[in-house]
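Residues annotated as domain 'BEACH-type PH' in TrEMBL: 57-152. Per TrEMBL, the feature domain 'BEACH' maps to 156-441. The region 'Disordered' annotation in TrEMBL covers 466-510. The compositional bias 'Polar residues' annotation in TrEMBL covers 466-479. Summarising the annotation, TrEMBL assigns repeat 'WD' to 630-661, 678-719, 720-752, 801-842.
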Amino acid sequence: MRCQFSLSYISVDEVLPQIQTLQRASRLLKAEHQKLVNSIVQERHSKVSFNVSWLEDLYEETVVELLGERVTPLVTNPGRIMLTSSRIYFQPYNNVEVEPVLKLQLSELKYVTKRRYLLRHVGLECLCGSGECMFLVLPSPRERNRLHEAIMAQPQVSLSQDSLEEATLNWLRGDMSNYQYLMLLNFLSDRSFNDIMQYPVMPWVVADYTSSSLDLKHPATFRDLSKPIGALNDERLAFFKERYEQMRGTKFLYGTHYSAPGYVLYYLVRAAPEYLLCLQNGKFDQPNRLFHKISRTWENVNTDHADVKELIPEFYQPPGDFLLNLQNLDLGVRSDGVRVNDVILPPWAKSAEDFTTKLQAALECDYVSSHLHHWIDLVFGYKQRGEEALKADNLFHYLTYEGSFNPEFIRDPEELAAIELQIKEFGQTPKQLFTQPHPRKIVVNKSPAVALVSVDGVVCSNGDTTQGLATTSSSTVSQPLTPHSHPPPSPPLHINSNAPPLPAAAQTPPTNRYDEWIHIDAPPDSRSPAKGSCRDTKCLTLKHIDKVHKEAVSAVGVSHDSKSYFSVSNDKTIKVHTLEDNQLLRSSNISNLPLSSLVILPGSTAVLIGSWDNNVYTYSTEYAAVVNAEYCHHSSVTSLSWRHGTMATGSWDSTVKVWTLPYDPSCHKPEPAELQSELDHDNEVSCIDLDCDALRVASGTVDGYVTVWSIGDEEREYELQAHNDGVTALRFSPGGGRLCTCGGDGIVRVVDPTAKVEVISKRAPEILQCVVWMDGHLVMGGESGDIHVWEAETLCEVSRHKAHSGTVTCLHLSDDGSVLVSGSKDRCVAVWLVKSHADSQKQSS
């Protein structure tokens, strides 16, 4: 393609060198390319000086001029900062801002506060009494401090601010409301309405979203404020703790955070849709995942492994317009046919204003007042980090904490960019304000006899009515707050009006679920075919079994030439053995977290490996090393599938992603995966499988649903609740015409996804955890360690084989159908020879 340009306002000689430099940059490796582009940008910026014609007053004296950036939600805009004797100016290098120059008058400043930005002390927030504000980021802490000192030295600037100790005393004696005190703690810990990465955080206090009335005198109404969100559900906490114990390197309980840009905009999608569209690359999230119903959101934060989010201040600010679709946004239709519109409120709320008013009353009631110090300890206090955080089940990923990294010591620009992206998108823990337990607020009854009164549907004591929310302190920080007046008075973000193991519920059947079955305890290789079998059956002969891993085996595979087998494990390693004599060929550590899945690529020279650390790794068998890593999900990768240059990944983050990933065995390093589509689910995805043509992908979730997706148009072709418990395994038949699913309810189903009908189903004698198709048969691994062989058309048992002492977690059949490999929680891998029943009888005779 050839293009010709005619330049009107500049000569070719002036612009050509810049074009040639950019052309050279485009041919460099990514890191070198970014380095060169950054140097070009910095050189151009250094040549731009502040345009003094924009000064408000010709008699203003320049105090200091610096390079910097202005931060607004999701945007940082570079420019020049000018401090004069009368004003602060910001002149952007581009025309993104509405005004060519932004300015604040020094005499109107109410707050000038040092801030963190990306966990570095380089921010400065200036706020005026009129509500105007400016969040600035400087290149280094030294330059930030220089600007702060210069502002504070100006005679027009006279600021006073209560100390944290004084504010705490005001709160303890009742001169400051709970809401005011929490907002002040947010302010002092570097939370800001201007920085969506550090948006103010507020606690869930109410735990009842199903009753017809809200009883603020009953403890069961409230959330346990002594525990973080991630520890409210004992079963989920056990999962986090198990994962923690299996980690290497810097350990953490929660990979997601209680406050992050995605969570803030999840709540504010109706009030600030443009910010969510910016975050989501120009589209709203899938309707099933949008903020739709209060009770459902509360349920999710108590059960979802990737959801531990707290609330934002808007929940405690009547009238609660952020809950209403006042802009008539088209937010789509959920899979149950319900259109997403206004947020569905609990039965005890008549309207959004009523809902936020009652939450406000709940926040200020006696019960919350006497327990709020526990939550302060977790979020702002001594239980926020370190050993105390671990004891309190409150330990997050190390990159969420201040001081976790120093960019000055990171030389690799790609590594630095990846760390900054992690910090931007996955949350930042507030600055620690207290290193000792926070004192408890003593609640004193305001009358000798406590009478229960109803305040518009809220049952509370006569001293807990919403009329009592205003405070009596005369200090600046203790003035009553309105919905748009916070300490500080910066405006809210409103715009113009293994797989990791299944949860225990999916693992353990009721005691008497299988009473109608009789367990056959025959020798493993001598069980006769079941009656009713209609074709030549298959027999498995155990070749060898060895304990090859230190922890449970999570996935196995056979090379395409049937000469070696692969296994990955919760011990974070991949092992490669010869099939013939079981000699160890390769053993490599892949990740700091358990590995969940693997796929052997053509030529058997490379293997795709899914990990609990959210990555998919490409492992070279030639070099015995990882040659590529793709960050694919926001939570653990639970399953992988690859066919004909298409890769599908499933995750605890409730998504299946489909990627273009061609592979040429002759290339030493594969091309990076390119995201093709993202398929959203209501719950965590436990297993997936691509059909033979890679045109459809089937997914199973922990709530028992099975969905078959058309990859080309990202539509659900077929969906059914196949199981009353989690889906443990699913697999397309070799031709793609059938789909077999196994579940935690002990049911095995075979469905025709094209005709959208169930073909046959049957209850198994135990919960089955994995399945493969084998020449008209289904081979399935059970919790007892048995391998079951069933006839696929009739689901009649053909044979049952015993080699493992623990749950069979994975199976893989070789391309030629001659070898089956099984892995188990007993840390062993077994190799089986596959023969037809007729051939076996001939050999015996």
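Note that Cβ sites are derived from N, Cα and C of the backbone, with glycine treated the same way.
Note: TrEMBL annotation is automatic and uncurated.
Remember, it's a predicted structure, so these values are computed and weren't measured experimentally.
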Surrounding residues of the repeat 'WD' (678-719) on its own chain - C-beta under 8 Å, 6+ positions past either end: 285-286, 288-289, 304-306, 335, 499, 502-503, 506, 635, 638-646, 648-658, 725-732, 734-736, 739, 741, 743-745, 751, 753, 756
Taken over the domain 'BEACH' (156-441), the model's mean pLDDT: 92
Secondary structure composition of the repeat 'WD' (801-842) [DSSP: H/G/I, E/B, coil]: 6 helix, 23 strand, 13 coil
Summary of DSSP states over the domain 'BEACH-type PH' (57-152), given as helix, strand and coil counts: 15 helix, 54 strand, 27 coil
Number of helical, extended and coil residues in the repeat 'WD' (678-719), per DSSP: 0 helix, 26 strand, 16 coil
